[in-house]
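Visitor: The structure that follows is given in the form of structure tokens.
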Amino acid sequence: MVLSRLSEWAWIGRAAGRGIVNLLIFVVVAFFLVQLIPGDPLVSASGGRLSGAALEQARESYGLNGSLSTQYWTYLTSLISLDLGNSIATGRPVAEDMATRVPATLELIGAGLFFACLVSLPMSYLVVTRPTNRFSKVLRSYASSAGAIPEYVVGILFLFVFFATLAWVPAPSGRLDPILMPPTEVTGFPVLDAFIAGDTAAANSYIAHLILPVAVMTVSHSAILVKSLVLALDTEIDSPATRFRIASGAPRRVVVLSIYRRALPSAVAMLGMIFGLLLGGAVVLESLFGLGGLGQYAVDAVRSSDVFALRSFLIVIAGMCLIVYFLTEVATGLLDSRRRDSRNPEV
């Protein structure tokens, strides 16, 4: 009995194992990928001001004077102890830099994901239930164009229209108006900290600066979700289960809810993929709007050839994506038992 129950949940262990293996592979890839950056990172970070004995001393302090194998071993042992090293550009521990930036980026991505879902659900419902409607045809065309326009193009267009032309949004120069003081950090999430502190002016400023980048994320990625939902809903509408409910005289609301329930696993799986896309897009959007999150940190690390910050950024991004992919795989497996084993030919 116990073995039978364990075998029923073994798919979660397999999913976790795949995630761990993928992360270990990426840890190796991240090290050698960053090593391909040309030039000396210390010379680049100092603007060429370091030379001679000072340069050698700096290399020794950062562990850059050893052989490639020595640096790799130091890199692995440091990761095991969760030590990401010190940033060459800021001089602070990379873990501290990351801790101040990850919540702000997650806040941006979370808002983008929420509004993408909020927009996609009624859109997909209209496309499926009113297929001959003109607006439905426009929405279907919009869904078919998923991923056709890069985020930065939409971002530049929105800045030109809503900031430069209409002046409806604040300048893309950070998360908070320069005349305001940031609230006391409690959670690291700027908007949430402002509400906890009761600082409505800061909260309103944070939200105002997020409106445009969140709108860009919503427009850029809701089409992907609409397309996935429409395909899943179209399949479920023609399924025997739906025909049975209609034939048995079930109310329209019950039929629609049952269709959405069966289409939910596909939508959840797509949400995991969209999270990865949003995380990648945050690098561009945070630079474009001056939001100063994790993406901006990566751009600054590339500009200064900060190998420790760049490696850590890649590992943190990979870890976040793999955690979300694992959670979506577990969620889809719980919603649909056929998806619990990727070797299942029925899925």
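Every residue gets a Cβ built from N, Cα and C, even glycine.
Because TrEMBL annotations are produced automatically, they should be read as predictions rather than curated entries.
Pulled the feature table from TrEMBL, pasting it below:
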- 20-37: transmembrane segment (TRANSMEM)
- 102-328: domain 'ABC transmembrane type-1' (DOMAIN)
- 108-128: transmembrane segment (TRANSMEM)
- 149-171: transmembrane segment (TRANSMEM)
- 206-226: transmembrane segment (TRANSMEM)
- 267-289: transmembrane segment (TRANSMEM)
- 309-335: transmembrane segment (TRANSMEM)
Visitor: Applying the under-8 angstroms CB criterion, which one of 108-128, 149-171, 309-335 scores highest with the transmembrane segment (206-226)?
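Guide: Highest pair count goes to 108-128.
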Visitor: State the residues, same chain only, that lie 6 or more residues beyond the ends of the transmembrane segment (149-171) and have a CB under 8 A from a CB inside it; answer 'none' if no residue qualifies.
Guide: 177, 205, 208-209, 211-213, 215-217, 219-220, 281, 284-285, 288-289
Visitor: Take the transmembrane segment (267-289) and find every residue of the same chain, 6 or more past its ends, with a Cβ under 8 Å from one of its Cβ atoms.
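Guide: Distal contacts: 105, 108-109, 112-113, 116-117, 151-152, 155-156, 159, 172, 209, 212-213, 216-217, 220-221, 224-225, 228-229, 232, 295-296, 298-299, 317, 320-321, 324-325, 327-329, 331-332, 335, 339.
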